[in-house]
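Visitor: As annotated by TrEMBL, region 'Disordered' applies to 54-89. The compositional bias 'Basic and acidic residues' annotation in TrEMBL covers 76-89. Under the heading transmembrane segment, TrEMBL lists 99-118, 130-150, 170-201, 256-273, 285-305, 338-355, 367-388, 481-507, 519-547, 553-573, 594-617, 637-665. Annotation source TrEMBL lists Na(+) binding site at GLY107, ALA109, VAL110, ASN114, SER341, ASN373, LEU490, ASP493, SER494.
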Amino acid sequence: MANTAHLMRRQSSRDLYAQRSLDRMEMKELRGRLVTMENGQPAHRTHVMYGATNEAFEDTSPNRRSSETPTSKGSSGEERAGFKNEGAEIERESWDSKLTFLLATVGYAVGLGNVWRFPYLAQKNGGGAFLIPYFVMLAIEGIPIFYLELAIGQRLRKGAIGVWHQVSPYLGGIGISSAVVSFNVALYYNSIIAWCLFYFAQSFQAELPWSECPKKYFPNGSYTSEPECAKSSPTQYFWYRTTLQISEDINYPETFNYKIALALVIAWILVYLCMIKGIASSGKVVYVTATFPYIVLVIFFFRGITLKGMSDGLIHLFTPKWHTILDPVVWLEAGTQIFFSLGLAFGGLIAFSSYNPVDNNCYRDAIMVSMTNCLTSMFAGIVVFSIIGFKATMIYEKCLEIRNETLLEMFGSSYKSMVFPEAGESVTIDKNGTITNLLMPLLPVCDLQKELDNTASGTGLAFIIFTEAINQFPGAQFWSVLFFLMLFTLGIDSQFGTLEGVVTSIVDMKLFPNLRKEYLTGGLCLLCCLLSMGFAHGAGSYIFLLFDMYSGNFPLLIIAFFECVGIAYVYGVKRFADDIELMTGQRPGIYWLICWKYLSPLAMLSILVSSFAELAMEGSGYEAWVSSEGDTVKKPWPVWAVLLVVVLVLASVLWIPVVAICRYFGYPIVEDEERAWFPAEDLRDFHGIEPRPVSAAETLLFCTRPDGSEGCCWPGCCETDDEE
């Protein structure tokens with residue numbers, strides 16, 4: 001019977017607009033009967049499903065009251081009936097369960113940056129002292145904006161475009177900008193997944209291909225190590241030469257990399273298969289992709305703490321250098337890491353939360369996911385640096401062994417008590433009564449601290465330093481398979497959220513109203529796959545770096561700044577607080593309101609200005625691989641690359657003023673549509689919310705009037721009032 005109601009509900013949503021009111025009345029009556037009677041007997045719920053597709057579509061709207069519907073705070077969670085959509089809009093997808101939503105959100109927020117960027121930043125910016133600016137920026141920037149996006153998506157029940165258009169028609173450009181940035185980031189982010197797939201496939205060989213240098217054979221049958229590899233290292237050679245087939249300049253791609261192109265095609269097919277049914281399919285996949293990285297991290301943790309040199313790595317990571325706290329660059333990097341590790345302003349969080357029931361506790365979700373993200377970063381730092389400590393110790397001890405063998409051969413066992421001359425100076429040696437004059441050789445410099453400092457961020461950490469450490473493990477193939485499978489799952493569930501922000505925005509804009517969502521997702525993945533071939537050639541890694549540095553950083557900060565402005569100064573913090581109280585039963589504390597209106601915008605504006613200033617003073621470039629040197633050399637970006645950066649940034653952020661200007665002159669880019677269903681009176685009755693007087697703090701800080709109103713600060717901002 002519930003399935004019959006579900007089919008009829010979908011059919012009614014497709015009827016002509018003029019008949020919708022009559023259809024809704026008939027459906028509400030039918031649903032009431034379905035809930036009350038099932039096969040002639042009273043229906044008893046055995047469980048509560050999650051979202052708008054609950055069994056029998058229980059109606060808790062003001063038009064139907066049931067003695068079984070709780071109306072007070074005292075009702076238990078088990079007795080609590082869901083709030084169902086009786087509006088005219090087409091039924092929106094919903095999560096299967098709260099756990100699915102949490103896993104999807106954790107998987108989206110916890111990504112590769114937690115593993116390969118946070119440990120590097122902590123080690124670089126003061127070790128344990130870095131945690132102070134990190135958690136301060138988390139408190140004033142990270143959690144407040146995360147909370148804001150979850151709450152506004154759940155309240156207005158749209159994707160990013162629909163949400164900001166409902167806040168004000170003049171702010172619809174925020175959502176379009178988020179969708180464009182998400183598209184740009186998804187475009188290059190899948191290259192990382194392709195690289196992980198390539199390394200994953202290579203890990204099944206009997207001997208890891210990056211464990212030693214390849215041989216260069218001569219006609220007479222003799223051979224030697226590849227000179228380029230000998231000058232660098234096996235892991236660097238495999239990464240730059242075998243995997244990337246890298247060129248020495250971004251202007252000269254040289255060869256097309258068919259292996260990575262094939263890996264990209266496979267990566268995009270996997271992404272599409274996981275998203276083919278929207279959250280119905282990706283929601284199932286996250287049970288694996290969101291949990292598997294934690295399993296692998298725990299395995300690597302127990303492996304790491306048993307390794308020699310582990311303690312040196314952890315001491316190096318967490319020893320505080322307190323003077324760094326006064327460095328503004330440290331605060332800048334802490335704020336930037338918080339911002340991007342949580343996935344703010346992409347539109348993915350808004351899209352995910354819009355599939356939640358209206359009475360979901362978004363505050364608890366925001367705290368839980370944000371803290372999970374940050375604790376994951378710290379745990380990953382411990383795992384990474386325990387293994388880096390092992391790698392550094394192995395290199396240090398090997399260096400000492402070579403140095404001692406050289407000295408033992410020259411001076412005998414007495415070298416331990418000798419003071420050695422400078423390299424190249426003449427040395428008189430007495431060996432068994434024979435006097436010999438030799439030149440002092442150049443001894444290798446063995447410095448454990450230097451090896452610990454030799455830590456890279458991003459791809460360098462994953463594909464060079466970590467693989468070098470894995471080479472030293474017994475059963476290295478097993479650890480390599482685990483590691484790259486972990487990176488793959490970390491990357492692909494972040495890709496779900498990023499791409500979901502694009503798909504949801506396209507659906508909400510009704511750009512292709514008659515196209516089924518699986519076809520839309522397939523077309524988007526196909527387009528991205530074709531464009532991503534630009535990363536599959538000799539200069540592809542340089543273009544990847546350009547996208548990674550500029551396609552998201554500046555636009556996302558600007559978008560998040562306008563999100564705070566939209567909520568605090570257009571929608572109104574009091575109205576937003578009222579909505580959250582209706583949804584969760586608890587009013588957000590004044591701290592969150594201060595963050596939304598003052599602290600968070602100020603933090604983002606500071607990061608943005610500081611980033612531009614740093615870029616202007618220090619310039620920018622890319623690390624080009626020079627095969628003859630076996631090392632990288634920094635080169636400036638060419639003019640066309642700078643222009644591409646300008647195009648990427650402007651193509652993202654210009655939508656914000658363009659949509660507002662077009663709206664002002666009567667040329668709307670985002671069409672107006674019916675407001676999403678929101679049972680305000682039902683929620684008010686359920687939570688027992690009573691009118692409350694305006695506090696002196698609210699009047700002082702937010703200029704709230706005595707009657708509780710804030711006024712309409714922007715044309716059209718009152719369209720979301722809960723009117724019948």
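Cβ coordinates are placed from backbone N, Cα and C, and glycine is handled just like the others.
Quantities reported herein were computed from a predicted structural model and do not represent experimental measurements.
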Visitor: For the Na(+) site (GLY107, ALA109, VAL110, ASN114, SER341, ASN373, LEU490, ASP493, SER494), what does the 8 A shell look like? I mean other same-chain residues with CB within 8 A of the CB centroid.
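Guide: Nearby residues not in the site list: VAL106, TYR108, GLY111, LEU112, GLY113, GLY343, THR376.
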Visitor: Is the transmembrane segment (285-305) packed against any residues at least 6 beyond its ends, judged by a Cβ distance under 8 Å, and which are they?
Guide: 100, 103-104, 106-107, 110, 274, 376, 379-380, 382-383, 386-387, 390, 473, 479, 482-483, 485-486, 489-490, 492-493, 496
Visitor: Other than its own, how many Cβ atoms are within 10 Å of the Cβ belonging to VAL110 (Na(+) binding site)?
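Guide: So the number of other Cβ atoms within 10 Å of VAL110 (Na(+) binding site) is 27.
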Visitor: Please identify the stretch among 256-273, 367-388, 553-573, 594-617, 637-665 with the greatest number of Cβ pairs below 8 Å relative to the transmembrane segment (170-201).
Guide: 637-665
Visitor: Take the Cβ of SER494 (Na(+) binding site) and count every other Cβ within 10 Å, whichever protein chain it belongs to.
Guide: 27
Visitor: Taking the Cβ of GLY107 (Na(+) binding site) as reference, which residues of that chain separated by at least 6 in sequence fall under 8 Å from it?
Guide: VAL286, THR289, ALA290, ASP493, SER494, PHE496, GLY497
Visitor: Non-local Cβ contacts of SER341 (Na(+) binding site) (under 8 Å, 6 or more apart, same chain)?
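Guide: Counting only residues 6 or more apart in sequence, the Cβ neighbours of SER341 (Na(+) binding site) under 8 Å are ALA109, VAL110, GLY111, GLY113, ASN114, ARG117, PHE118, ASN373, CYS374, SER377.
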Visitor: Tell me which residues of the chain lie with their Cβ under 8 angstroms from that of LEU490 (Na(+) binding site), as long as they are six or more apart in sequence?
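Guide: Those within reach of LEU490 (Na(+) binding site), by Cβ under 8 Å and sequence separation of 6 or more, are VAL110, GLY111, LEU112, ASN114, VAL115, THR289, PRO293.
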Visitor: Which stretch, 99-118, 256-273, 481-507, 519-547, 637-665, tops the Cβ pairs under 8 Å count with the transmembrane segment (553-573)?
Guide: 637-665
Visitor: Do at least three CB pairs under 8 A connect the transmembrane segment (256-273) and the transmembrane segment (481-507), leaving out pairs fewer than 6 apart in sequence?
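Guide: Yes, these stretches are in contact.
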Visitor: Please give the sequence-distant neighbours of the transmembrane segment (338-355): residues at least 6 beyond its ends with Cβ less than 8 Å from one of its Cβ atoms.
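Guide: Same-chain contacts beyond the flanks: 51, 92-95, 101, 104-105, 108-111, 113-114, 117-118, 134, 137-138, 141-142, 145-146, 149-154, 156-161, 163, 175, 178-179, 181-182, 185, 279, 362, 365, 370, 373-374, 377, 494, 497-498, 500-505, 552-553, 556-557, 559-560, 563, 604, 607.
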